[in-house]
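Chemist: Feature list, courtesy of TrEMBL:
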MOD_RES   Lys65  N6-(pyridoxal phosphate)lysine
BINDING   Gly243, Glu285, Pro286, Gly287, Arg288, Tyr383  pyridoxal 5'-phosphate binding site
BINDING   Arg288, Arg323, Tyr327, Glu355, Tyr383  substrate binding site
ACT_SITE  Cys354  active site, proton donor
Amino acid sequence: MTLPPHLSVKDRHLRIGGCDAVELAFKYGTPLYVTDEDRIRANFHGYKKALSSRYQNIRILYAAKANGNPSILKILAEEGAGADVFSSGELTIALQAGMKPEYLLFNGSSKTEADHRLAVEKGVRVSLDSIDELMQLDQIAGEAGKVVEVSFRVNPAIDVPTHPKIATGLATSKFGIPAATITEAYAQALVCKNVVPVGIHCHIGSQILSVEPFAKEAQVLMEVVAELHKMGVKFKFVDLGGGLGVCYEHYGGPAPAFDAYADAIMPEIISTFTRLGISPEIWIEPGRSMVCDSTILLTKVNSVKQAHKTFVNVDAGFNTLIRPAMYDSYHEVLVANRAGEEQAGTYTITGPICETGDILAHDRKLPAIQVGDLIALLDAGAYGYSMASQYNGRGRCAEVLVKGDKSALMRRAETVDDLLAAVVTPPWL
Ligand SMILES: Cc1ncc(COP(=O)(O)O)c(C=O)c1O
Ligand SMILES: N[C@@H](CCCC[NH3+])C(=O)O
(Lines of atoms letter the chains of each structure in order from A and count residues from 1; the text may use other names and numbers.)
(Lines give C-alpha, C1' and ligand atoms only; values in the text may rest on other atoms or scores of the structure.)
(Ligands and ions follow the chains in the order given, each with its own letter.)
Protein backbone atom coordinates (compact mmCIF):
# COMPACT_ATOMS: atom_id res chain seq x y z
CA MET A 1 0.00 0.00 0.00
CA THR A 2 1.35 3.43 -0.85
CA LEU A 3 1.14 5.68 2.17
CA PRO A 4 0.85 9.47 1.90
CA PRO A 5 3.88 11.43 3.16
CA HIS A 6 2.48 12.09 6.65
CA LEU A 7 2.00 8.37 7.35
CA SER A 8 4.93 6.01 7.77
CA VAL A 9 5.97 2.80 9.45
CA LYS A 10 8.78 2.40 11.96
CA ASP A 11 9.51 -0.70 14.03
CA ARG A 12 6.19 -2.21 12.87
CA HIS A 13 4.25 0.74 14.24
CA LEU A 14 2.18 3.09 12.11
CA ARG A 15 3.24 6.71 12.53
CA ILE A 16 1.34 9.90 11.75
CA GLY A 17 3.40 13.07 11.43
CA GLY A 18 6.21 12.43 13.87
CA CYS A 19 4.06 10.43 16.33
CA ASP A 20 3.71 6.73 16.98
CA ALA A 21 0.03 5.76 16.55
CA VAL A 22 0.29 3.03 19.20
CA GLU A 23 1.61 5.52 21.76
CA LEU A 24 -1.16 7.98 20.86
CA ALA A 25 -3.81 5.30 21.39
CA PHE A 26 -2.26 4.42 24.75
CA LYS A 27 -2.05 8.07 25.83
CA TYR A 28 -5.48 9.28 24.68
CA GLY A 29 -7.54 6.07 24.59
CA THR A 30 -9.60 4.62 21.76
CA PRO A 31 -11.51 5.05 19.56
CA LEU A 32 -9.44 8.06 18.54
CA TYR A 33 -9.37 10.32 15.51
CA VAL A 34 -5.83 11.58 14.87
CA THR A 35 -5.25 14.46 12.45
CA ASP A 36 -2.00 15.66 10.95
CA GLU A 37 -2.01 19.46 10.87
CA ASP A 38 0.64 19.82 8.18
CA ARG A 39 -1.33 17.63 5.80
CA ILE A 40 -4.31 19.98 5.99
CA ARG A 41 -2.05 22.96 5.33
CA ALA A 42 -0.49 21.11 2.37
CA ASN A 43 -3.90 20.34 0.88
CA PHE A 44 -4.91 23.97 1.23
CA HIS A 45 -1.72 25.10 -0.49
CA GLY A 46 -2.23 22.54 -3.26
CA TYR A 47 -5.57 24.10 -4.16
CA LYS A 48 -4.36 27.66 -3.69
CA LYS A 49 -1.32 27.25 -5.92
CA ALA A 50 -3.18 25.42 -8.69
CA LEU A 51 -5.96 28.01 -8.84
CA SER A 52 -4.12 31.25 -8.17
CA SER A 53 -1.44 30.48 -10.74
CA ARG A 54 -4.24 30.64 -13.32
CA TYR A 55 -6.39 33.46 -11.93
CA GLN A 56 -5.60 35.94 -9.18
CA ASN A 57 -8.92 36.45 -7.42
CA ILE A 58 -9.34 33.13 -5.65
CA ARG A 59 -10.98 32.35 -2.32
CA ILE A 60 -11.10 28.90 -0.76
CA LEU A 61 -14.11 28.37 1.47
CA TYR A 62 -13.53 25.17 3.39
CA ALA A 63 -16.75 23.11 3.70
CA ALA A 64 -17.03 23.01 7.48
CA LYS A 65 -19.42 20.04 7.40
CA ALA A 66 -16.55 17.75 6.40
CA ASN A 67 -14.89 18.24 9.76
CA GLY A 68 -16.05 21.10 11.94
CA ASN A 69 -13.51 20.82 14.71
CA PRO A 70 -12.70 24.42 15.71
CA SER A 71 -8.96 23.70 15.65
CA ILE A 72 -9.19 22.65 12.01
CA LEU A 73 -11.12 25.81 11.18
CA LYS A 74 -8.48 27.81 13.05
CA ILE A 75 -5.68 26.21 11.01
CA LEU A 76 -7.50 27.07 7.82
CA ALA A 77 -8.33 30.57 9.02
CA GLU A 78 -4.60 31.09 9.60
CA GLU A 79 -4.04 30.11 5.97
CA GLY A 80 -6.57 32.72 4.83
CA ALA A 81 -9.42 30.34 4.07
CA GLY A 82 -13.07 31.11 4.52
CA ALA A 83 -15.82 28.57 4.98
CA ASP A 84 -18.98 27.21 3.47
CA VAL A 85 -21.26 27.00 6.50
CA PHE A 86 -24.54 25.14 6.42
CA SER A 87 -26.08 26.09 9.75
CA SER A 88 -25.98 28.75 12.43
CA GLY A 89 -23.79 26.38 14.44
CA GLU A 90 -21.17 26.09 11.71
CA LEU A 91 -21.33 29.85 11.16
CA THR A 92 -20.71 30.58 14.84
CA ILE A 93 -17.84 28.08 15.07
CA ALA A 94 -16.20 29.49 11.92
CA LEU A 95 -16.34 33.05 13.27
CA GLN A 96 -15.02 31.94 16.65
CA ALA A 97 -12.16 30.18 14.87
CA GLY A 98 -11.13 33.54 13.43
CA MET A 99 -12.61 33.37 9.95
CA LYS A 100 -13.64 36.74 8.54
CA PRO A 101 -17.39 37.21 7.98
CA GLU A 102 -16.74 38.30 4.39
CA TYR A 103 -14.98 34.99 3.74
CA LEU A 104 -18.04 32.94 4.75
CA LEU A 105 -21.06 31.87 2.74
CA PHE A 106 -24.17 30.72 4.56
CA ASN A 107 -25.46 27.84 2.42
CA GLY A 108 -28.50 25.65 2.92
CA SER A 109 -31.72 24.59 1.31
CA SER A 110 -33.90 25.02 4.39
CA LYS A 111 -32.77 27.97 6.47
CA THR A 112 -34.79 29.30 9.35
CA GLU A 113 -35.63 32.88 10.27
CA ALA A 114 -33.07 32.60 13.05
CA ASP A 115 -30.41 31.52 10.50
CA HIS A 116 -31.15 34.56 8.35
CA ARG A 117 -31.12 36.87 11.39
CA LEU A 118 -27.70 35.57 12.40
CA ALA A 119 -26.31 36.05 8.89
CA VAL A 120 -27.62 39.63 8.84
CA GLU A 121 -26.28 40.37 12.32
CA LYS A 122 -22.81 38.97 11.53
CA GLY A 123 -22.55 40.47 8.04
CA VAL A 124 -22.25 37.09 6.31
CA ARG A 125 -23.32 36.57 2.70
CA VAL A 126 -26.12 34.12 2.06
CA SER A 127 -26.65 31.61 -0.72
CA LEU A 128 -30.39 31.46 -1.31
CA ASP A 129 -32.10 28.27 -2.36
CA SER A 130 -35.64 29.51 -3.01
CA ILE A 131 -37.71 32.63 -3.59
CA ASP A 132 -39.24 32.13 -0.14
CA GLU A 133 -35.75 32.46 1.35
CA LEU A 134 -35.18 35.64 -0.68
CA MET A 135 -38.39 37.20 0.62
CA GLN A 136 -37.66 36.27 4.20
CA LEU A 137 -34.09 37.53 4.12
CA ASP A 138 -35.13 40.80 2.46
CA GLN A 139 -37.62 41.42 5.24
CA ILE A 140 -35.20 40.50 8.04
CA ALA A 141 -32.42 42.65 6.58
CA GLY A 142 -34.88 45.55 6.19
CA GLU A 143 -35.94 45.28 9.83
CA ALA A 144 -32.27 45.41 10.82
CA GLY A 145 -31.63 48.38 8.52
CA LYS A 146 -29.00 46.44 6.57
CA VAL A 147 -28.38 45.34 3.01
CA VAL A 148 -27.25 41.74 2.57
CA GLU A 149 -25.22 40.44 -0.36
CA VAL A 150 -26.48 37.16 -1.75
CA SER A 151 -26.14 34.52 -4.40
CA PHE A 152 -28.62 31.91 -5.53
CA ARG A 153 -27.67 28.27 -5.71
CA VAL A 154 -28.20 27.08 -9.24
CA ASN A 155 -29.09 23.48 -10.04
CA PRO A 156 -27.09 22.72 -13.19
CA ALA A 157 -28.76 19.33 -13.88
CA ILE A 158 -25.47 17.48 -14.17
CA ASP A 159 -25.19 13.75 -13.66
CA VAL A 160 -22.02 12.91 -11.73
CA PRO A 161 -20.23 9.59 -11.22
CA THR A 162 -20.58 9.21 -7.45
CA HIS A 163 -22.81 7.56 -4.84
CA PRO A 164 -26.42 8.60 -5.59
CA LYS A 165 -26.86 9.89 -2.03
CA ILE A 166 -24.16 12.50 -2.51
CA ALA A 167 -24.88 13.71 -6.06
CA THR A 168 -26.37 17.14 -5.47
CA GLY A 169 -26.63 18.76 -8.90
CA LEU A 170 -28.97 16.27 -10.58
CA ALA A 171 -32.13 17.73 -12.12
CA THR A 172 -34.05 15.74 -9.48
CA SER A 173 -31.99 16.96 -6.51
CA LYS A 174 -33.53 19.02 -3.71
CA PHE A 175 -30.79 21.63 -3.99
CA GLY A 176 -30.76 24.82 -5.98
CA ILE A 177 -32.95 26.56 -8.52
CA PRO A 178 -33.03 25.07 -12.03
CA ALA A 179 -30.63 26.82 -14.43
CA ALA A 180 -33.58 27.34 -16.81
CA THR A 181 -35.45 29.54 -14.31
CA ILE A 182 -32.61 31.10 -12.33
CA THR A 183 -32.88 34.43 -14.16
CA GLU A 184 -36.38 34.91 -12.71
CA ALA A 185 -34.97 34.52 -9.21
CA TYR A 186 -32.29 37.15 -9.88
CA ALA A 187 -34.87 39.46 -11.46
CA GLN A 188 -36.81 39.35 -8.19
CA ALA A 189 -33.67 39.87 -6.12
CA LEU A 190 -32.66 42.90 -8.22
CA VAL A 191 -35.81 44.73 -7.16
CA CYS A 192 -35.45 43.88 -3.47
CA LYS A 193 -34.48 46.82 -1.27
CA ASN A 194 -32.43 45.04 1.37
CA VAL A 195 -30.80 42.26 -0.61
CA VAL A 196 -28.35 42.62 -3.45
CA PRO A 197 -27.34 39.71 -5.67
CA VAL A 198 -23.55 39.74 -6.14
CA GLY A 199 -22.73 36.10 -6.71
CA ILE A 200 -23.78 32.72 -7.96
CA HIS A 201 -23.35 29.39 -6.24
CA CYS A 202 -23.36 25.78 -7.38
CA HIS A 203 -22.29 22.38 -6.05
CA ILE A 204 -22.63 19.23 -8.11
CA GLY A 205 -21.87 16.55 -5.53
CA SER A 206 -19.17 14.91 -3.51
CA GLN A 207 -16.44 12.27 -4.02
CA ILE A 208 -16.17 12.96 -7.74
CA LEU A 209 -13.06 11.33 -9.16
CA SER A 210 -13.01 12.78 -12.66
CA VAL A 211 -12.68 16.43 -13.56
CA GLU A 212 -15.09 16.39 -16.53
CA PRO A 213 -18.21 17.08 -14.41
CA PHE A 214 -16.50 20.19 -12.98
CA ALA A 215 -15.70 21.40 -16.52
CA LYS A 216 -19.37 20.90 -17.41
CA GLU A 217 -20.40 22.75 -14.25
CA ALA A 218 -18.15 25.68 -15.15
CA GLN A 219 -19.69 25.76 -18.61
CA VAL A 220 -23.29 25.83 -17.29
CA LEU A 221 -22.37 28.44 -14.69
CA MET A 222 -20.69 30.70 -17.25
CA GLU A 223 -23.76 30.60 -19.51
CA VAL A 224 -25.85 31.72 -16.54
CA VAL A 225 -23.31 34.37 -15.48
CA ALA A 226 -23.35 35.87 -19.00
CA GLU A 227 -27.15 36.10 -18.95
CA LEU A 228 -27.24 37.61 -15.47
CA HIS A 229 -24.49 40.08 -16.36
CA LYS A 230 -26.72 41.29 -19.21
CA MET A 231 -29.57 41.70 -16.71
CA GLY A 232 -27.38 43.98 -14.58
CA VAL A 233 -26.03 41.65 -11.89
CA LYS A 234 -22.63 42.96 -10.74
CA PHE A 235 -20.70 39.86 -9.84
CA LYS A 236 -18.35 39.87 -6.87
CA PHE A 237 -18.02 36.08 -6.69
CA VAL A 238 -18.70 32.91 -8.60
CA ASP A 239 -18.74 29.86 -6.33
CA LEU A 240 -18.27 26.40 -7.84
CA GLY A 241 -18.80 24.49 -4.58
CA GLY A 242 -16.69 21.52 -3.59
CA GLY A 243 -16.65 17.91 -4.56
CA LEU A 244 -13.19 16.85 -5.68
CA GLY A 245 -12.88 13.23 -4.60
CA VAL A 246 -10.06 11.45 -2.82
CA CYS A 247 -8.48 8.06 -3.31
CA TYR A 248 -9.87 5.81 -0.57
CA GLU A 249 -8.57 2.60 -2.13
CA HIS A 250 -4.84 3.01 -2.05
CA TYR A 251 -4.44 0.26 -4.60
CA GLY A 252 -6.91 1.97 -6.95
CA GLY A 253 -6.37 4.91 -9.27
CA PRO A 254 -5.32 8.26 -7.87
CA ALA A 255 -7.70 11.16 -7.28
CA PRO A 256 -7.43 14.04 -9.74
CA ALA A 257 -4.58 16.42 -9.04
CA PHE A 258 -5.37 20.01 -8.03
CA ASP A 259 -3.82 21.16 -11.31
CA ALA A 260 -6.09 18.89 -13.35
CA TYR A 261 -9.07 20.33 -11.52
CA ALA A 262 -7.89 23.90 -12.16
CA ASP A 263 -7.27 23.07 -15.83
CA ALA A 264 -10.79 21.71 -16.13
CA ILE A 265 -12.62 24.74 -14.73
CA MET A 266 -10.45 27.75 -15.45
CA PRO A 267 -10.32 28.15 -19.26
CA GLU A 268 -14.11 28.49 -19.61
CA ILE A 269 -14.35 30.84 -16.63
CA ILE A 270 -11.45 33.06 -17.64
CA SER A 271 -12.61 33.37 -21.24
CA THR A 272 -16.15 34.29 -20.12
CA PHE A 273 -14.87 36.85 -17.60
CA THR A 274 -12.59 38.37 -20.23
CA ARG A 275 -15.41 38.55 -22.77
CA LEU A 276 -17.71 40.22 -20.24
CA GLY A 277 -14.97 42.48 -18.90
CA ILE A 278 -15.50 41.36 -15.29
CA SER A 279 -13.13 39.96 -12.67
CA PRO A 280 -15.10 38.60 -9.73
CA GLU A 281 -13.52 36.28 -7.17
CA ILE A 282 -13.68 32.60 -7.95
CA TRP A 283 -14.71 30.64 -4.88
CA ILE A 284 -14.52 26.92 -4.29
CA GLU A 285 -15.81 24.99 -1.28
CA PRO A 286 -13.69 21.85 -0.89
CA GLY A 287 -14.37 19.72 2.16
CA ARG A 288 -13.32 16.12 1.71
CA SER A 289 -10.20 16.81 -0.35
CA MET A 290 -8.94 19.29 2.27
CA VAL A 291 -9.12 17.05 5.33
CA CYS A 292 -9.88 13.44 4.43
CA ASP A 293 -6.37 12.04 4.16
CA SER A 294 -5.11 14.08 7.13
CA THR A 295 -6.82 11.81 9.64
CA ILE A 296 -6.75 8.20 10.81
CA LEU A 297 -9.22 6.50 13.11
CA LEU A 298 -7.60 4.25 15.71
CA THR A 299 -9.71 1.52 17.23
CA LYS A 300 -8.79 -1.29 19.59
CA VAL A 301 -9.57 -4.99 19.15
CA ASN A 302 -11.92 -6.26 21.87
CA SER A 303 -12.22 -9.80 20.56
CA VAL A 304 -11.61 -11.96 17.51
CA LYS A 305 -14.32 -14.48 16.66
CA GLN A 306 -14.22 -17.34 14.20
CA ALA A 307 -17.76 -17.78 12.83
CA HIS A 308 -19.12 -17.61 9.30
CA LYS A 309 -16.14 -15.27 8.84
CA THR A 310 -13.39 -14.11 11.12
CA PHE A 311 -14.89 -11.12 12.85
CA VAL A 312 -12.64 -8.59 14.55
CA ASN A 313 -14.76 -6.75 17.13
CA VAL A 314 -13.35 -3.30 17.70
CA ASP A 315 -14.39 -0.37 19.89
CA ALA A 316 -15.42 1.95 17.02
CA GLY A 317 -18.60 1.32 15.09
CA PHE A 318 -20.89 3.28 12.84
CA ASN A 319 -21.49 5.58 15.79
CA THR A 320 -17.87 6.71 15.23
CA LEU A 321 -17.52 6.34 11.44
CA ILE A 322 -20.81 5.95 9.61
CA ARG A 323 -19.52 6.08 6.04
CA PRO A 324 -19.11 2.31 5.45
CA ALA A 325 -22.62 1.59 6.79
CA MET A 326 -24.25 4.55 5.05
CA TYR A 327 -22.56 4.56 1.64
CA ASP A 328 -20.84 1.14 1.54
CA SER A 329 -17.69 3.18 1.48
CA TYR A 330 -14.22 1.73 1.64
CA HIS A 331 -11.48 2.79 4.05
CA GLU A 332 -8.05 1.19 4.00
CA VAL A 333 -7.27 -0.81 7.15
CA LEU A 334 -3.90 -1.34 8.78
CA VAL A 335 -2.96 -3.11 11.97
CA ALA A 336 -1.17 -0.16 13.55
CA ASN A 337 0.97 -2.24 15.90
CA ARG A 338 1.83 -4.86 13.24
CA ALA A 339 2.35 -2.65 10.22
CA GLY A 340 4.33 -4.39 7.55
CA GLU A 341 3.84 -7.88 9.02
CA GLU A 342 2.85 -10.59 6.59
CA GLN A 343 -0.85 -11.07 5.82
CA ALA A 344 -2.12 -14.08 7.74
CA GLY A 345 -5.88 -14.08 7.31
CA THR A 346 -9.02 -12.46 6.01
CA TYR A 347 -10.85 -10.34 8.55
CA THR A 348 -14.09 -8.42 8.77
CA ILE A 349 -13.87 -5.45 11.13
CA THR A 350 -17.06 -5.00 13.11
CA GLY A 351 -18.15 -2.38 15.62
CA PRO A 352 -19.89 -2.64 19.00
CA ILE A 353 -23.28 -1.33 17.85
CA CYS A 354 -26.41 -3.46 18.08
CA GLU A 355 -27.00 -3.49 14.31
CA THR A 356 -26.04 -6.07 11.71
CA GLY A 357 -24.83 -3.30 9.42
CA ASP A 358 -22.22 -2.16 11.91
CA ILE A 359 -19.28 -3.23 9.77
CA LEU A 360 -16.32 -0.95 9.14
CA ALA A 361 -14.49 -3.14 6.63
CA HIS A 362 -15.27 -6.43 4.89
CA ASP A 363 -12.90 -9.29 4.14
CA ARG A 364 -9.55 -7.60 4.51
CA LYS A 365 -6.29 -9.48 4.25
CA LEU A 366 -4.28 -8.49 7.31
CA PRO A 367 -1.56 -9.74 9.64
CA ALA A 368 -2.70 -12.17 12.36
CA ILE A 369 -4.94 -10.15 14.67
CA GLN A 370 -5.21 -10.64 18.44
CA VAL A 371 -7.13 -9.06 21.29
CA GLY A 372 -5.58 -5.71 22.20
CA ASP A 373 -4.24 -4.99 18.70
CA LEU A 374 -4.80 -1.55 17.24
CA ILE A 375 -6.62 -1.13 13.95
CA ALA A 376 -6.19 2.05 11.90
CA LEU A 377 -8.77 3.14 9.35
CA LEU A 378 -7.25 5.58 6.91
CA ASP A 379 -8.76 8.65 5.25
CA ALA A 380 -11.19 9.27 8.07
CA GLY A 381 -10.86 13.06 8.24
CA ALA A 382 -13.93 13.97 6.19
CA TYR A 383 -17.46 13.15 7.30
CA GLY A 384 -16.01 11.00 10.07
CA TYR A 385 -16.29 12.74 13.42
CA SER A 386 -18.73 15.25 11.93
CA MET A 387 -21.25 12.47 11.30
CA ALA A 388 -20.59 10.57 14.52
CA SER A 389 -23.46 9.96 16.93
CA GLN A 390 -24.19 8.87 20.47
CA TYR A 391 -26.19 5.84 19.33
CA ASN A 392 -26.39 2.96 21.78
CA GLY A 393 -25.49 5.30 24.62
CA ARG A 394 -21.91 5.76 23.55
CA GLY A 395 -20.27 9.15 23.86
CA ARG A 396 -18.37 10.37 20.83
CA CYS A 397 -14.63 9.69 20.91
CA ALA A 398 -11.72 12.10 21.26
CA GLU A 399 -9.89 13.91 18.48
CA VAL A 400 -6.16 14.56 18.61
CA LEU A 401 -4.09 16.95 16.53
CA VAL A 402 -0.51 16.09 15.61
CA LYS A 403 2.14 18.57 14.53
CA GLY A 404 5.51 16.95 13.95
CA ASP A 405 6.24 15.00 17.12
CA LYS A 406 3.75 17.04 19.20
CA SER A 407 0.25 15.86 19.91
CA ALA A 408 -2.68 17.39 21.79
CA LEU A 409 -6.38 16.82 22.25
CA MET A 410 -8.57 18.98 20.06
CA ARG A 411 -11.70 17.39 21.50
CA ARG A 412 -11.99 15.14 24.53
CA ALA A 413 -14.04 11.97 24.53
CA GLU A 414 -17.62 12.38 25.73
CA THR A 415 -18.62 10.80 29.01
CA VAL A 416 -21.94 9.55 30.36
CA ASP A 417 -22.41 13.06 31.82
CA ASP A 418 -22.28 14.41 28.27
CA LEU A 419 -24.93 11.89 27.22
CA LEU A 420 -27.15 13.29 29.95
CA ALA A 421 -26.23 16.96 29.58
CA ALA A 422 -29.27 17.95 27.49
CA VAL A 423 -31.73 15.66 29.20
CA VAL A 424 -34.70 17.18 31.01
CA THR A 425 -37.14 15.11 33.05
CA PRO A 426 -40.83 15.96 32.58
CA PRO A 427 -42.26 17.09 35.95
CA TRP A 428 -44.70 14.16 36.20
CA LEU A 429 -41.92 11.55 36.10
C1 LIG B 1 -22.81 23.24 -0.75
C2 LIG B 1 -21.66 22.32 -0.53
N3 LIG B 1 -20.43 22.83 -0.65
C4 LIG B 1 -19.34 22.06 -0.43
C5 LIG B 1 -19.45 20.73 -0.09
C6 LIG B 1 -18.20 19.96 0.13
O7 LIG B 1 -18.09 18.90 -0.73
P8 LIG B 1 -16.79 17.99 -0.69
O9 LIG B 1 -16.59 17.55 0.69
O10 LIG B 1 -17.11 16.86 -1.59
O11 LIG B 1 -15.67 18.82 -1.21
C12 LIG B 1 -20.73 20.16 0.03
C13 LIG B 1 -20.89 18.72 0.30
O14 LIG B 1 -21.17 17.95 -0.60
C15 LIG B 1 -21.85 20.98 -0.18
O16 LIG B 1 -23.09 20.48 -0.05
N1 LIG C 1 -21.37 12.58 4.01
C2 LIG C 1 -20.92 12.26 2.67
C3 LIG C 1 -20.61 13.49 1.88
C4 LIG C 1 -21.74 14.46 1.84
C5 LIG C 1 -21.32 15.77 1.34
C6 LIG C 1 -22.20 16.89 1.83
N7 LIG C 1 -23.11 17.41 0.85
C8 LIG C 1 -19.75 11.29 2.75
O9 LIG C 1 -19.37 10.91 3.81
O10 LIG C 1 -19.24 10.87 1.75
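Start at 1 and count along the chain as shown; that gives each residue its number.
A Cβ is built for glycine as well, from the same backbone N, Cα and C atoms used for every other residue.
For each listed feature, how buried is it and what is near it?
Modeler: With a cut-off of 8 Å between CB atoms and residues at least 6 apart in sequence, the same chain places Asp84, Phe86, Glu90, Gly287, Tyr383, Ser386 near Lys65 (N6-(pyridoxal phosphate)lysine), listed in sequence order.
For Tyr383 (pyridoxal 5'-phosphate binding site), the Cβ neighbour count at a 10 Å cut-off comes to 25, with all displayed protein chains included.
The DSSP secondary structure for Arg288 (pyridoxal 5'-phosphate binding site) is helix.
A simple way to gauge crowding: the CB of Cys354 (active site, proton donor) has 9 other CB atoms within 10 angstroms, across all the protein chains here.
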Chemist: Need one number for the pyridoxal 5'-phosphate-binding residues Gly243, Glu285, Pro286, Gly287, Arg288, Tyr383: the maximum pairwise CA distance in Å, whole number please.
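Modeler: About 15 Å separates the two most distant Cα atoms.
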Chemist: Which one of these binding-site residues, Arg288, Arg323, has the sparsest Cβ neighbourhood, judged by other Cβ atoms within 10 angstroms?
Modeler: Arg323
Chemist: When DSSP is mapped onto helix/strand/coil, what comes out for Tyr327 (substrate binding site)?
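Modeler: Helix, per DSSP.
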Chemist: Just to be sure I understand the contacts, which recorded positions have a Cβ under 6 angstroms from any atom of ligand 1? Candidates are Gly243, Arg323, Tyr327, Cys354, Glu355, Tyr383.
Modeler: Gly243
Chemist: Nearest to Tyr327 (substrate binding site) in three-dimensional space, by Cα, is which of the recorded positions Gly243, Glu285, Pro286, Cys354?
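Modeler: Comparing Cα positions, the closest of these recorded positions turns out to be Gly243.
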Chemist: Give me the largest Cα to Cα distance among Arg288, Arg323, Tyr327, Glu355, Tyr383, the residues the record lists as binding substrate, in Å as a whole number.
Modeler: 27
Chemist: Of the recorded positions Gly243, Cys354, Tyr383, which ones put their CB under 6 Å from ligand 2?
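Modeler: Among the recorded positions listed, those whose Cβ sits under 6 Å from ligand 2 are Tyr383.
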